[in-house]
Amino acid sequence: MFSNKKYIGLINKKEGLKKKIDDYSILIIGILIGTNILSLIINIIGEINKPICYQNNDKIFYCPKDWVGYNNVCYYFSNDNGNNYTTADNKCKQLNNSTLANNLTDLLNLTSFLNLTKLYHHHSHYWVNYSLNNNYSVPLIDSKYNLNRKKSHYTDLLFICSK
């Protein structure tokens, strides 16, 4: 009978140890799941609050949705039309205090990359000119203008903002 008590005691100790291992395993799994959920929430919030045009020495650069990033500058290509330079400049200022893209080297590289050129008319109605494959130009301007003494088709004034 004495040997039976030792046997029962050993069984109880093994069951107690197994129960502790099970309890700790559940606790560890719960902590891992909790930290994964927490990191997922932080990542989602981070995407919502992503900086608009953020640049620093770490070479991290973000542009807002519908903007194009090129050479650490954000560009916005309008889809709506404006009447003149002043209207376009005001629309750019409404977009995160951005300024109207001007004739800077970076903009020239970008417009060259996108097959765009800039056309000046010496008045307030000038804008970006898109060169087609056959070198026929479609000036994006709201006034009538003959390019190289040829009659051209015109579209509404489009604009580019940069930040």
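In case you wondered, yes, glycine gets a Cβ from its N, Cα and C as well.
The annotation disulfide bond is assigned in Swiss-Prot to Cys63-Cys74 (among others). A strand conformation is recorded for Cys74 (disulfide bond) in the three-state DSSP classification.
Here Swiss-Prot flags Cys92-Cys161 (among others) as disulfide bond. When Cβ atoms from all protein chains are considered, those within 10 Å of Cys92 (disulfide bond) total 22, not counting its own.
Per Swiss-Prot, the feature N-linked glycosylation site maps to Asn84 (among others).
What Swiss-Prot records for Asn96 (among others) is N-linked glycosylation site, and it gives sequence analysis as the kind of evidence.
Look at Swiss-Prot and you will find Asn97 (among others) tagged as N-linked glycosylation site.
The feature N-linked glycosylation site is assigned by Swiss-Prot to Asn103 (among others).
Per Swiss-Prot, the feature N-linked glycosylation site maps to Asn109 (among others); the stated evidence is sequence analysis.
Feature annotation from Swiss-Prot assigns N-linked glycosylation site to Asn115 (among others).
The N-linked glycosylation site annotation in Swiss-Prot covers Asn129 (among others) and rests on sequence analysis.
The N-linked glycosylation site annotation in Swiss-Prot covers Asn135 (among others) and is backed by sequence analysis.
Positions annotated as region 'Lectin-like' by Swiss-Prot: 63-162.
The feature topological domain 'Cytoplasmic' is assigned by Swiss-Prot to 1-26, with similarity to another entry given as support.
Annotated topological domain 'Extracellular' per Swiss-Prot: 48-163, in sequence order.
As annotated by Swiss-Prot, transmembrane segment applies to 27-47.
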Looking only at C-alpha atoms, tell me how far Cys161 (disulfide bond) is from Cys74 (disulfide bond), rounded to the nearest Å.
8
